[in-house]
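Participant: The structure is given below, and queries will be raised subsequently.
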Amino acid sequence: MSVNVDATSSSGASEVRHDWTLAEVNALFAMPFNDLLFKAQCVHRAHFDPNYVQVSTLLSIKTGACPEDCKYCPQSARYDTGLEKERLMEIEKVIQRAREAKAAGSTRFCMGAAWRNPKERDMPYVTDMVREVKKLGLETCMTLGMLTREQAIALQQAGLDYYNHNLDTSPEFYGDIITTRTYQDRLNTLDAVREAGMNVCSGGIVGMGETGSDRSGLLMQLANLEHQPESVPINMLVKVKGTPMENVEDLDYFEFIRTIAVARIMMPKSFVRLSAGREAMNEQMQAMCFMAGANSIFYGCKLLTTSNPETHEDVMLFKKLGINAKQTREYSDEAHQAALLDEIQTNEAPQAPEMFYDATQKKPETVNI
């Protein structure tokens, strides 16, 4: 069977498709590595400045005790990971973290709660969080679990810019990872978010023991949505002791980079976020991910409950690569550069209290918020 994968043809570099077949996606993954990266870079340059990366900060506003059974997640109440449970964070503390994120160069502030879905009693608090963070001039994103259409509308009316709800993996592999909510439940939440008028952030996790065809299936599901997600986080599994996935075999790093590249080709106008798992990646691998089309990262020492490179390490890597973080609307060029220089100069300073428990550490730690 002959499959056309020339994504850099005159139409391929600008066309957003919603009719990808599994054979086409598998063929992209099977390309010689250098050819695949070249195609992905060409598509990337057709739609984005290749030397700019969007920067977000992720804060856990409610940690642990989640009733779901996602096998990768240390926040599930079903697994003994030593994670300290935390109630919904006070709005004042959230706003302080948002100010710190903006000072470090983030343009988007993402707030995550370990819920199956938000309760109605929680909605006034989370909508107030959105309004207050928006006042700082930051874009806002939330991940709160499944949403009803009414909840999605309430978040949109509060000013929420993005809602994150990952598909995680292919429909075929999904049942091996999660049983407490269906794939269709996830798609229904994405529909509710889109119909409410918000931007969609949706991606998945690789390295959970899935096949190459499952990685193709995940990207096919995302790309073939009626409207492709504006933001596509690609996570490398962070194995946490106590979860069912603590001993899963590592994914080859080249396969991860291929996943970034194929996502870029299939979703040419989406921001592809290099997300969880970056702490285990050296600078050279991260640089290859940027070459493959990743153009968004999270700043900060934690992603919810797992480690992330320190902010100053990202600043130094950007400097080496000639990459500039996408600036907040209020930042002038001079102010932005001053913020980056200040970050470099203070990277030896004593660290502020941790926002999150590090679920990848062997010994439990106390969460200081």
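Glycine is treated like the rest: Cβ placed from N, Cα and C.
Values in this document were obtained by computation on a predicted structure and should not be read as measured data.
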Participant: Given that Swiss-Prot assigns CYS110, CYS201, ARG273 to the [2Fe-2S] cluster site, pick the one from CYS73, CYS141 that the record assigns to that site as well.
Facilitator: CYS141
Participant: Neighbours of the [2Fe-2S] cluster site CYS110, CYS141, CYS201, ARG273: Cβ within 8 Å of the Cβ centroid, same chain, sequence order.
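Facilitator: What remains near the Cβ centre is SER56, LEU58, ARG108, THR143, TYR162, ASN164, SER231, PRO233.
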Participant: Would you count the other C-beta atoms found within 10 angstroms of the C-beta of CYS70 ([4Fe-4S] cluster binding site) for me?
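Facilitator: Result for CYS70 ([4Fe-4S] cluster binding site): 22 neighbouring Cβ atoms inside 10 Å.
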Participant: Neighbours of the [4Fe-4S] cluster site CYS66, CYS70, CYS73: Cβ within 8 Å of the Cβ centroid, same chain, sequence order.
Facilitator: GLU68, ASP69, TYR72, PRO74, GLN75, SER76, ALA114
Participant: Could you state the whole-number distance in Å separating the C-alpha atoms of CYS70 ([4Fe-4S] cluster binding site) and CYS201 ([2Fe-2S] cluster binding site)?
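Facilitator: Checking the Cα atoms of CYS70 ([4Fe-4S] cluster binding site) and CYS201 ([2Fe-2S] cluster binding site) gives a distance of 19 Å.
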Participant: Judged by the number of other CB atoms within 10 angstroms, which among CYS66, CYS73, CYS201 is the least packed of the binding-site residues?
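Facilitator: It is CYS66 that, of the binding-site residues CYS66, CYS73, CYS201, has the fewest other Cβ atoms within 10 Å.
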